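Trainee: Let me begin by handing over the structure; questions about it come next.
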Amino acid sequence: MNNRTSYFYDPDVGNFHYGAGHPMKPHRLSLTHSLVLHYGLYKKMMVFKPYKASQHDMCRFHSEDYIDFLQKVSPNNMQGFTKSLNTFNVGDDCPVFPGLFEFCSRYTGASLQGATQLNHKICDIAINWAGGLHHAKKFEASGFCYVNDIVISILELLKYHPRVLYIDIDIHHGDGVQEAFYLTDRVMTVSFHKYGNYFFPGTGDMYEVGAESGRYYCLNVPLRDGIDDQSYRQLFQPVIKQVVDFYQPTCIVLQCGADSLGCDRLGCFNLSIRGHGDCVEFVKSFKIPLLVLGGGGYTVRNVARCWTFETSLLLDESISDELPYSEYFEYFAPDFTLHPDVSTRIENQNSRPYLEQIRQTVFENLKMLNHAPSVQIHDVPSDVLSYERTDEPDPDERGGEENYTRSVRLQHVGLKIDSSAFIFCSQASLVCLSQAGGSQRVLRRRPRQRQRERCGNLKRENERT
């Protein structure tokens, strides 16, 4: 039986603009959606215009002051927010642009809605290519990311799922997600990324394994320039299989940053679109509920190709290498194919001994895990979106969430997510809510720490423990 797949797309999300010369181009989402439409893939999915996340939704992870700032600041009034711009790390990499909060609301709402549908068993796979902004921290923007939709959607999944596995194949380390769940075993984070030579964000070496209850539930696979399909596959598949076998997740969140492709404007890997897609297909093969998100990717025509191809893989649909004609057809010149040669002349600096060393270290860390940590069953807090409806959907009307009206029987296992029951931390700001005796501990650090200083602190912490 085919997987039930939900696909979330806001027709306006691709119209936002970070500014002239900025490498992050939301327009890539319009290109991706156009290919999905013209390949006919939409016919195989439930397509939704997503919910818009509110300030309250965003404050499930981020500080109220930070979200309030994002809602109020604009290019016209930013001179009055000089101090806040510095405090919240908003500036060159993360600029103020028209509609900033609206943009965050749209991509975050789609990820949150995907998590809610997975919780209610409406779908087996949920796709939001606009999401996956993994660098944003509790108190600040970072790396083109303002609101961390991944953390917010994982918090929603934890209402129903005892263990969530997060996998990140962006070329940049998934530091914001790692920091959020660094002290808990409820979420295991696994990131494959470029590390070294001060490559952003400067974190993600093998010393960072988690702390306290989360020790060894954080897994980093640091890679060097030029890694190709074969080398990546030989590392990715055995590591992920071991993680799934040991951790036994009940849901997976997969961040599919396409800047790990060859020829990316900001990247230095050598993956093909097929090689990148192999990772998605392998994760799908475990048949575990799956939230699929976008992420980085700065050569927009290749990002659109990659995410369209991966949509087809998630649907078990074969699509032609010849691109269908669309309003964006000229973007894909001169070859107009789905799988152009994106290889570069960057030498693969990941030698066999180096990759074997990483694999052995990762496996040794996995042996330290307590298998499949369990949680008590509690009443589950109310959902952001309600799926308790009685009338049947019109199969010809799938454009918006308001049209999806299937009645759902709720079957949930989880723990009460509130300030007294859930371990939650941000390494940058470090706020931790402890399970022990319902007590709350608040540990504060300076809101902004340089990435190299943070990485060094994590190394020293792990050496002490």
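Including glycine, each Cβ sits where the backbone N, Cα and C put it.
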Trainee: Which one, ASP92, ASP259, ASP264, is listed by TrEMBL in the same divalent metal cation site as ASP170, HIS172?
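Mentor: Within the candidate list, TrEMBL flags ASP259.
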Trainee: Under 8 Å between C-beta atoms and at least six apart in sequence, can you list the same-chain neighbours of ASP259 (divalent metal cation binding site), or say none if there are none?
Mentor: ASP170, ILE171, HIS172, ARG265, LEU266, GLY267, GLY295, GLY296, GLY297, TYR298
Trainee: Taking the Cβ of each of the binding-site residues and counting other Cβ atoms inside 10 Å, which one has the highest number: ASP93, ASP170?
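Mentor: Going through ASP93, ASP170 one by one, the largest Cβ count within 10 Å is at ASP170.
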Trainee: I'm trying to understand the geometry here, so how far is the Cα atom of GLY143 (substrate binding site) from the Cα atom of HIS135 (active site, proton acceptor), in Å to the nearest whole number?
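Mentor: For GLY143 (substrate binding site) versus HIS135 (active site, proton acceptor), the Cα atoms are 6 Å apart.
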Trainee: Under 8 Å between C-beta atoms and at least six apart in sequence, can you list the same-chain neighbours of HIS135 (active site, proton acceptor), or say none if there are none?
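Mentor: Long-range Cβ contacts: SER142, GLY143, PHE144, CYS145, ASN148, HIS172, GLY174, ASP175, GLY176, PRO201.
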Trainee: Hey, for the divalent metal cation site built from ASP170, HIS172, ASP259, who else sits with CB inside 8 A of the CB center?
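Mentor: Along the chain, the qualifying residues are ILE171, HIS193, LYS194, GLY257, SER260, LEU266, GLY267, GLY295, GLY296, GLY297.
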